[in-house]
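Asker: Structure provided below as structure tokens; questions to follow.
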Amino acid sequence: MSLLRIRKASLYGFSTVFILLQSYAVAYPLRAFRQNDGIGIAMNPSQDGGFVSAEKDSDFEYWMKLIISAVLILLGGVFAGLTIGLMGCDDLHLQVLEQSGDASERVHARKVLKLLRRGKHWVLVTLLLGNVIVNETLPIVFDSIIGGGWPAVLISTAMIVIFGEVIPQATCVRYGLSIGAKLEPIVLFMMYLLWPIAYPTALILDACLGESQSTMYKKSGLKTLVTLHRDLGIDKLNQDEVTIITAVLDLREKHAESIMTPIEDVFTLPMDRILDEDLIGEIICAGYSRIPVHKPGFPHDFIGMLLTKTLIGYDPDDKWPVGKFALATLPQTWPNTSCLDLLNYCQEGKSHMILISNSPGEPHGAIGVITLEDIIEELIGEEIIDETDVYIDVHKGLPRVGENNDFWNRMLHRSHLSTMAALHKSQRSHDLAANEHAPILNPKNSALNPRLVTNDRVKVKSPSLIQSSTGYGSMSQSPSRSDLPSKISRVNAELQAHGSQRSSIDVSKENKSSVADGPSSQAHNGPSTQPPEALPNGTDPSSSKTTENNGNQQSERTESADGKKDNSGSISSNSSKTFTGKRVRLGNVIESNVVSPDGTNRIVIEPFERSVDPNNADIVEMVERNGIVVPKVTVTSHEDDVDSVHNTPMSVSSTLSVKTSSSKVPRNKRKRRKGKSKK
């Protein structure tokens, strides 16, 4: 539709210019020409001996000059319109249209990009030179048609301004991409036609001004652009999309200290606290899935966290201390660590709660905790409320109100709403002030201890009833207890059969490869007779073989995780599945293991710029190899590297072993190639 309008406008413009020039030229120039010369109609001799009227020659010349004037006006309009149309096209916008536009926009953007990449200044100088040449030639042609005087000046100026500047530029501002793509051959022809002048001038402009840069937005500009798309444009964004996009752009600049829960508001436990009925009730009523645990008498010296799901099978009558349970690792980090880096760390599955401390790795300095839910709330820009949340915002002390109470959901910010009063029964109407209203539903945790709070849906048996009944509560009385040894032996038999089957497959593979390589390479397939110093990291052959088998098992687990069949042709069991698609931002944070003098291990997460001693074995930069995130190490055969391997933490040393086995395979291949060449 736009191209049809452009063609119609061009046709109307050409017709209008031609008619105006003709009407004025008919009225003035021939009459003025004849009066000024004072000559009548002259007769020119012809070839056949006759005479031809000079009026016919003047009419032909007049019409030719009239057509040339109209063409020059249109060419001037084309050059002026393309100048503002092509120079107004941004490279970044063209790349966006080339990749995400519709079919016509992709074709037009590709043509214009190809033209502008030859040199934007070259295109600019060519169009300006063409416009100048046309505008300087047009008065010369007008003078011979219209003659001098103010009528000629007025008409030529009006023609150039209206049909050579205003209309073309106004059209190309709106349809510059499509017009530039259609006229790309003409511009390319003019570029090479005016190359002796245009190209050197463009080189001078490039040297003085530099190459033109695309329009790049800062994060603040992007947020403003996204906000404008909420109210403008064809594909408008709703408020939720705008909130999430702007929150994602701010996530990297947000520090952990700004969104953490202060340590004073965190539900913590000392490691010597006895887990009895009362403490179990407190944990259930609190509604937290992870509870930080600190040393007795040192509320800021945290050693781990207690996962409440480990208490499912715990009997409160045992009265174990908290420190007797298997505590999960509670990593520590600095207050200014980026929330985006912490999100990537939590994605590795190591911990969903991180301790914020002014001195990570030390038994003091804890100022708060941050969870994966806190980071995701900042990521989406809204609070997440699950079934067991008591507070909407711990920082502001806003309690949770029932989802059907829309009025109190809007009134939670009022100062007269007491946090603790909302946890109890509603006040009576005569106890309320004039500006207060009783909530319809109370913020109440549904997961209460049935031994303390009566619940019709939960039946609690007394201890005497439990002892009198058979097959309940006690492992010795449970019928599944007798089947436990048989289950263990059956599982061990399956594992042993699976291992022997895998080893037989490996042996058959080696035999096939040895037969294919010939006798010269069979010597390298047998047991390794190299000294320990010849192997990577100075490990002995037996350990190297073990790590190689572990590497093969790991590769087989990866295949089974992808849903592929192993070498035996059967699908591997679910127990062999492993997750290898870990997604991290490499080099942003470093995980180090700090051991205090009392033997407590603490995991410290710090930004990459804070590593003052990169040669320390406890601080390893994580890199990605074959889709698995492993520490960045250099495998050498020096003896002093052996000590560094043994001093490395367990996770790092195991990764080093796998790396050693993987680096051993190419060496054997090189030996086989040498054997073939000798043969």
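Just so you know, glycine gets a Cβ as well, placed from its N, Cα and C.
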Asker: Annotation phosphoserine per Swiss-Prot: which of the candidates S476, S560, S568, S572 has it?
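Answerer: Swiss-Prot records phosphoserine at S476.
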Asker: Would you confirm whether, in Swiss-Prot, I167 and E348 belong to the same side of the membrane?
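Answerer: The record shows them split across the membrane, with topological domain names that differ.
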Asker: So how many other Cβ atoms are close to S596 (phosphoserine), meaning within 10 Å of its Cβ?
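Answerer: For S596 (phosphoserine), the count of other Cβ atoms within 10 Å is 13.
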Asker: Please report the DSSP secondary structure of S596 (phosphoserine), reduced to three states.
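Answerer: In three-state terms, S596 (phosphoserine) counts as coil.
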Asker: For the topological domain 'Cytoplasmic' (165-184), what is the mean per-residue pLDDT, to the nearest integer?
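Answerer: So the average pLDDT across the topological domain 'Cytoplasmic' (165-184) works out to 87.
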Asker: Please list the DSSP helix, strand and coil residue counts for the topological domain 'Cytoplasmic' (165-184).
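Answerer: DSSP classes over the topological domain 'Cytoplasmic' (165-184) add up to 19 helix, 0 strand, 1 coil.
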Asker: In the topological domain 'Cytoplasmic' (87-121), how many residues does DSSP call helix, how many strand, and how many coil?
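Answerer: Looking at the topological domain 'Cytoplasmic' (87-121) with DSSP, the answer is 27 helix, 0 strand, 8 coil.
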